[in-house]
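First the structure, in the form of structure tokens, and then the observations on it.
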Amino acid sequence: MGKDKERGFGFSSGTVAHGSSLSPAARVPLALWKPFAQWCCLQPKDTAKMPESAWKLVFYTMSWSYSTYLLFFTNYTFFHDPPSAFYDWKSGMTVPTDIAIAYLIQGSFYGHSIYATVYMDDWRKDSTVMVVHHVVTLALITFSYAFRFHSIGLLVLFLHDINDIQLEFTKLNVYFKTRGGDYYLIHDILSNMGSVSFSITWFWFRLYWFPLKVLYATCVSSLQSVPNIPFYFFFNSLLLTLLCMNIYWFLFIVAFVAKVLTGQMKDVKDLREYEGEEGAQRAAALLMAQQRLQSEDAGHLNNSAEGKHVQNGITKEKHL
């Protein structure tokens, strides 16, 4: 239901912290995309981040497209008529193969995301919430399949994945703004457009349609169709937890927009780039490296000045 945030835009998935800890699934996008990032002459920090965003953009685009196909180009009516998800509900009913495929893909992705957030990604201000989000999401996928609430689960996936597409698209354009020492206006424009559309669709899909279509169907319509539907409170508590996290992350979006409107932020970037212990250590290491280079440059200049003297403003070599 959406891993949202580098948080290249101020809201979720951190960069890979230690290449040696990468799983085989994580090495594939790096192997495919990192040479391309280097060929495009991205900045070193963007070269490290770009493969992850490119991989997520491909995954979320494909998964959301598949959900869109099922909801709008088949006989399923769950989007236009969410209560229909419970009209013919029966315990132990057969899960359609096309929906089962979507569940298998999403369950695998979020299962790996829990490991990635804990062991691979930079630890950030909202990383704890991210872990909770992935656990809740995986629980929703698992239990909605087991309880045969798969119809409403497909709608939840559809409403959440679209924001991840826009997030990764925005992050990629942020990375591509500066390439080979040159600035590209088109990527700046696209990143700003992506951030605006991301903010709007986050509110519309997750904070408007999600309660209107999903929560109303699970909290009200389900009892009307199946008065003694099992696991009612458990399933709805997970959905309400997901809604609370959507609201929590929307506060980051509001903070981002406020900083842009007040002129505190000129570029689309991560609001928490150096938040957390690891980020602080990286910033300190960078500062120390810069100071060391400055000291070395000063020493080099002093050494080159030895054996010379200045006469009438002109440096001349000393000769014995």
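Note that Cβ sites are derived from N, Cα and C of the backbone, with glycine treated the same way.
Because TrEMBL annotations are produced automatically, they should be read as predictions rather than curated entries.
Marked as domain 'TLC' by TrEMBL: 48-262. Look at TrEMBL and you will find 57-79, 99-119, 131-159, 184-205, 214-233, 239-262 tagged as transmembrane segment.
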Chain residues in Cβ proximity to the transmembrane segment (131-159) (below 8 Å; excluding those fewer than six residues from its ends, i.e. six or more beyond):
1-3, 63-64, 67-68, 70-71, 76, 78-79, 82, 84-86, 89-93, 95-96, 99-100, 102-103, 106-107, 110-111, 113-114, 117-118, 205-206, 209-210, 213-214, 217-218, 230-231, 234-235, 238-239, 241-242, 245
Which value does the mean pLDDT take for the domain 'TLC' (48-262) in this predicted structure?
91
Long-range Cβ neighbours of the transmembrane segment (214-233) (under 8 Å; 6 or more residues past either end):
82-83, 85-87, 89, 91, 143, 147, 149, 152, 155-156, 159, 239-240, 243
